[in-house]
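Feature annotations, courtesy of Swiss-Prot:
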- 53-127: DNA-binding region (DNA_BIND)
- C53, C56, C70, C73: Zn(2+) 1 binding site (BINDING)
- C91, C97, C107, C110: Zn(2+) 2 binding site (BINDING)
- R228, S277: 3,3',5-triiodo-L-thyronine binding site (BINDING)
- 163-407: domain 'NR LBD' (DOMAIN)
- 1-52: region 'Modulating' (REGION)
- 1-33: region 'Disordered' (REGION)
- 457-492: region 'Disordered' (REGION)
- 53-73: zinc finger (ZN_FING)
- 91-115: zinc finger (ZN_FING)
Amino acid sequence: MEQKPSKVECGSDPEENSARSPDGKRKRKNGQCPLKSSMSGYIPSYLDKDEQCVVCGDKATGYHYRCITCEGCKGFFRRTIQKNLHPTYSCKYDSCCVIDKITRNQCQLCRFKKCIAVGMAMDLVLDDSKRVAKRKLIEQNRERRRKEEMIRSLQQRPEPTPEEWDLIHVATEAHRSTNAQGSHWKQRRKFLPDDIGQSPIVSMPDGDKVDLEAFSEFTKIITPAITRVVDFAKKLPMFSELPCEDQIILLKGCCMEIMSLRAAVRYDPESDTLTLSGEMAVKREQLKNGGLGVVSDAIFELGKSLSAFNLDDTEVALLQAVLLMSTDRSGLLCVDKIEKSQEAYLLAFEHYVNHRKHNIPHFWPKLLMKEREVQSSILYKGAAAEGRPGGSLGVHPEGQQLLGMHVVQGPQVRQLEQQLGEAGSLRGPVLQHQSPKSPQQRLLELLHRSGILHSRAVCGEDDSSEASSLSSSSDTEDTEVCEDQAGKAASP
């Protein structure tokens, strides 16, 4: 006898009735329906609070396959289509069953027919591959909306006011007029020969070693580099309005930071070099052995990280202004005025960043962190070596002075100034093993000759003849003023 294909009888859905008791009633694990535990309290915003399933009348949970249904009818319809079960469904009562939330599991055929009758769409049920593709599309749409929202938020951020634009233009012009070689530095730079500064060869009195040839090259550019920082500051009205004493303290504190920033933004990843003063391209070891020690690592790392920001001249200029107007310097008189000036530059800086609309997420806070890195990495790197003669950075004393960390500040410089006569000439014999002159003595003489050590030079009151003459009494008085300010700045 030919056996008829088995049919699924009414109420025998294997997925919905797998946990039935002998009396035909559905068991509930742990006394609670899993569906209700997972969906409890969830109502989509487009549904009314007590909206019912159009198939069985149970509480609806959403819009499924073009109809508002409960989770049970949604799952039943999906399984039926995915597994192609509807040809096997049958009804004992001539397809006349009433489907509600109590009887819905007793006749699969009538339940399926009602799903079709109320408008549930079979073509919206996806197989596994289509479902994966749909989820991918959903994720893409979410990402697109996220980007659109970010663009809208950027467009809504405030841009510079007319007053801030004036501040920005002045700072930008001050930077461009004092930035050696400008945007043409790559074409005009000269690489320091590889045989210079590759190995520390001369022992200094403090036990460190330095390549004097590299040091000699650096001393040729240090005076104009410091002078350009001073000129930049003097072109800012907010700085020029400060007392002369505060101007000197601010310049002493920021000189190394600004010169390091100017070198860092001229980092070239192809040659792995920094271009100092817009003209001399040096490698890490050359900078380190030429007198800068471990700080060279901090400047190179800063250059690498800043290269991703693609800063323009205005952003570099405003960053320098923020570094200049720092109230962290000891001995300041007009702290409130300086703090307000820094806040004005910070606000203009933030609004200008909004104006440029960088593609880097969270560009502004990241850039602020870099500003703090300029200070912390340069000023406090190697703090464990604070007791050494080279100061808190673990750098040779001549290296610290070479790039303006102290300018006229700290016991190293004061000790050297005691070796200078009133006319600026060196006292005492020059040791033969220290080259014709000690690097410290050479640098100090350079700073005296350039007028960097004189308060009148900083405040714009110097006479050209007085600035060039170290033998005049006025220069000696100015030097004493700077020494006094340096002592205040160095003391806590």
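Yeah, the Cβs are placed from backbone N, Cα and C, and that goes for glycine too.
Everything Swiss-Prot records as a feature, shown here on the structure.
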residue	record	Cβ contacts under 8 Å, 6 or more apart
C53	Zn(2+) 1 binding site	K59, A60, I68, T69, C70, G72, C73, K101
C56	Zn(2+) 1 binding site	C70, G72, C73, I99, D100, K101, R104, R111
C110	Zn(2+) 2 binding site	C91, S95, C96, C97, I99
R228	3,3',5-triiodo-L-thyronine binding site	T178, N179, A180, S277
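DSSP assigns R228 (3,3',5-triiodo-L-thyronine binding site) to a helix in the three-state reduction. Cβ packing within 10 Å was compared across the binding-site residues C70, C73, C91, C97, C107, and the lowest neighbour count falls to C91. Just so you know, the Cβ of S277 (3,3',5-triiodo-L-thyronine binding site) picks up 23 other Cβ atoms within 10 Å once every protein chain is counted. Under DSSP, residues within the DNA-binding region (53-127) fall into helix, strand and coil as 28 helix, 8 strand, 39 coil. Mapped onto three states, the DSSP output places S277 (3,3',5-triiodo-L-thyronine binding site) in coil. Sitting within 8 Å of the Cβ centre of C53, C56, C70, C73, and not among those site residues for Zn(2+) 1, are the Cβ atoms of Q52, V54, V55, G57, D58, A60, T69, E71, G72, K74, K101, R104. Mean pLDDT, taken over the zinc finger (53-73), works out to 93 on the 0 to 100 scale.
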